[in-house]
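These features come from TrEMBL:
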type	residues	note
SIGNAL	1-26	signal peptide
DOMAIN	414-804	domain 'Ionotropic glutamate receptor C-terminal'
DOMAIN	447-515	domain 'Ionotropic glutamate receptor L-glutamate and glycine-binding'
BINDING	Pro524, Thr526, Arg531, Asp741	L-glutamate binding site
SITE	Arg703	site 'Interaction with the cone snail toxin Con-ikot-ikot'
DISULFID	Cys753-Cys811	disulfide bond
Amino acid sequence: MGIVTPAVVVCSVLLGSLIFSPFLTAASKNPTYFNIGGVLSNNVSEFHFQETIAHVNFDNHYVPRGTTYYATAIQMDANPIRTALSVCKYLIAHRVYAVVVSHPLTGDLSPAAVSYTSGFYHIPVIGISSRDSAFSDKNIHVSFLRTVPPYSHQADVWVDLLKHFGYKKVIFIHSSDTDGRALLGRFQTTSQNLDDDIDIKVAIDSVIEFEPGLVSFTEQLQEYKSAHARVYLLYASKSDAEVIFRDANLLNMTDEGYVWIVTEQALDADNVPVGVLGLKLEHATDERAHIKDSIYVLASALRDMNQTENITEAPKDCDNSGSVWETGKLLFQYIKKQILLHGETGKVAFDDNGDRINAEYDVINIQELGHATVVGQYLYNNEHNRMKLHLEKENIVWPGRPEKMPAGIEIPKHIKVLTIEEKPFVYVREIKNYIDEECAPDEIPCPHFNTTPKEDTRAFCCKGYCMDLLRELAKTINFTYNVSLSPDGQFGSYIIKNYTAGKKEWTGLIGELVADRADMIVAPLTINPERAEFIEFSKPFKYQGITILEKKPSRSSTLVSFLQPFSNTLWILVMVSVHVVALVLYLLDRFSPFGRFKLANTDGTEEDALNLSSAIWFAWGVLLNSGIGEGTPRSFSARVLGMVWAGFAMIIVASYTANLAAFLVLERPKTKLTGINDARLRNTMENLTCATVKGSAVDMYFRRQVELSNMYRTMEANNYDSAEQAIADVKTGKLMAFIWDSSRLDFEAAQDCELVTAGELFGRSGYGIGLKKGSPWADKVTLAILDFHESGFMEELDNRWILLGNMLSKCEQYEKTPNTLGLKNMAGVFILVAAGIMGGVGLIVIEVVYKKHQVRKQKRMELARHAADKWRGTVEKRKTLRATIAAQKRLKANGLNDGGSVSLSVEALPRSVIDMPSPVRAWPGGCDVRQRSPIPLPLPDAADMIV
């Protein structure tokens, strides 16, 4: 093919214009020709640029009829100032609509000068060789796009490589320049977004950042030589990479077991070790291909813009600094939207920053010193519409030339294990004399973590479920260990510490594992999302949930417990029935014509009918099953009622006896709570204290459950530092409900039959072994635990440590065994008897006092009756005397005065009259008639004698 001169190109353009001139639309307001500028590295690239524009004018798919593109190209100067001046003088002055810029042969500032100058007027700039990450900053390079990806995009290929090899933990080494930090940021973002699959996420174990211009890198490498991760990702310039490879070789860090994956610049180092993997951008130096792709993308954007937008002429003067070309802003956006499916460099597309995406790479393997071999490609797959990695894994030579692919990690044989006291999983016993005394064969020494003998002279021994599990794990997957107790006695919570200036950190066991001060946690560690974000868990070794522990409610044995078999209403009806029946019996026996009859062989007296008192006594005697000695019904009708009452009494007594056995002997108390949904737990106004352990998995569960927020606010003030304290308070009744893991609470309920778990399990989860992110032991521990479940070993641990040899069944048997009645149950009966005794004594006292009162009253009545009798006799005698005196007076008045007349002197009265005792009342005049006086007294008148 002959060389095409610029004159020929111009003639072709003019000829094309003449051919399609009849089809031009004179009504169009947009320009009919567009100048495209080029700042290229050499004459050959300049020629390709002009040739491509000439050819595109004949492609109706990209250039509509009536539109013509013209090329205006200059060569780039190594001096960025002269380059900027040339852009103003030869490109902007010719009204270019866009600029295609290459890279200078020497220096790297000239493309930036083109971008600054053109970007000031918003003239789009398409770079075809500039890969610095600084060009992605749209605050500086406002209108810069490129058909080559920045160096930071190599992180996408790195992540796919690591995923393909199965490496999950790496050490990242990068320079502190813009490209190094951009590469790290993109790697971190891409590695965490891998199909949202936690099993394939890549974690950075350590980051080593260095200043460009290295002299030695030995100290940094020495620090990480003992790290678990053996996969090194390196971004460095050629000179810095040579220093790093030199020092790594001296430390034997390029031998077998290590993996090095590097960027394009580091791959150019002269001393790249054998086995290193690197990347090479395809078409990276093919300016001709990039020029063609950039012009076709630009032509597509102008075509789309010409159809919908009003295009104004481009700026023509760098001296006019006040003008802003709005069409340039629109053109930049149109270029970003273009997709060239079958470009010379593959699929051409841009991201939001104008950077090339879907760029294709070769995977390079150094198999001999200075000899690189392509072992794979990173290509765009049209079928899946994404980039795909194609790798010839069997052709890769690894460092040290091993027969199989390195594991990428150094698996330590000795592990630092942390645990915490939590019965029955871990029992801790303090050794009083740690010099002479040692741990028992079934115990493991477990001092407090991160303490020296000077700081803590105490020694401890641990045993239990988790310690047996640790022994079996060590035996199965072959590692040694030392066990330490949690430094603060807590599992760990994610809180803000005083010295972290508002940053959250983990405390307790989780904090030690996250800080890389321990390798494994073997404890009843609940698997939850908050912890899984920072540490790695094995598969659960025990499945459990959350439940509530409470003390069994005491029996409601009160002084009236013996009344429980019947309701209050029934007792009242029985009491009323007794007296109603007694009254009816009395009436029947009283009014029945056969209620009174003579007994045979008696003295002929007639027996009285049943009185009311006897009837009441009979009714109570039948009800209480006591013998009836006397006072029984005599009539047939009353005796029929008596038999019916006896049947009623038999049924009532039998029912009472049966119910008494159920209430006082076989009754087992139920739990106070029905479960987590109990209204007394949800209602914060109730006087019911519940709590859990601060910073525990249960505490985290309540914090993330919105419907339990009210309950959690009440619990938070009562939460304990440890489960031991809470369980002790439940036993003493200080705490009513303790919410904790079901395994521990089932164990406590098995030990103490007075404790019981309430309700169904909730918040189901499992206990797992905690490991660091990317731990090499994770898969092995998980496989071992699954094997333990299948072999029955975990069931043996459950029976030995949690169920305590079927202790739970013993409590169940105890629940079914009738209780022995005691004084507490029947105290009311004894008090009733005592009340009867006291009542009897009280009544006898009342009877005695009443009897004495009656006797005194009867004596007074007899004295009064005797005095009245004497008074009546005296009155009769005096009446007789008055009658005699009256008769004498009448005789005297009639003139009878003979010797037979009666003498009126006292001596003439009978002696009995003179000596008569005085009556109760005194005579008028105050004289006591009982006094005897030799002086004759005048006799009272007849009126005075009337009482």
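Every residue, even glycine, has its Cβ placed from backbone N, Cα and C.
Annotated features, which come from TrEMBL, shown on the structure.
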{"residue": "Pro524", "record": "L-glutamate binding site", "Cβ contacts under 8 Å, 6 or more apart": "Glu422, Phe425, Val426, Tyr465, Cys466, Lys542, Asp741, Ser743, Arg744, Tyr767"}
{"residue": "Thr526", "record": "L-glutamate binding site", "Cβ contacts under 8 Å, 6 or more apart": "Ser696, Ala697, Val698, Asp741, Ser765, Gly766, Tyr767"}
{"residue": "Arg531", "record": "L-glutamate binding site", "Cβ contacts under 8 Å, 6 or more apart": "Gly492, Ile510, Leu525, Phe537, Ala697, Gly770"}
{"residue": "Arg703", "record": "site 'Interaction with the cone snail toxin Con-ikot-ikot'", "Cβ contacts under 8 Å, 6 or more apart": "Tyr712"}
Residues Pro524, Thr526, Arg531, Asp741 binding L-glutamate per the record - widest CA separation, whole Å: 17
Composition by DSSP (helix, strand, coil) of residues within the domain 'Ionotropic glutamate receptor L-glutamate and glycine-binding' (447-515): 23 helix, 18 strand, 28 coil
Additional residues surrounding L-glutamate, by Cβ distance to the Pro524, Thr526, Arg531, Asp741 centre under 8 Å: Phe491, Leu525, Ile527, Asn528, Ser696, Ala697, Ser765, Tyr767
Site with most surrounding Cβ atoms, counting all protein chains shown within 10 Å, from the recorded positions Asp741, Cys753: Asp741
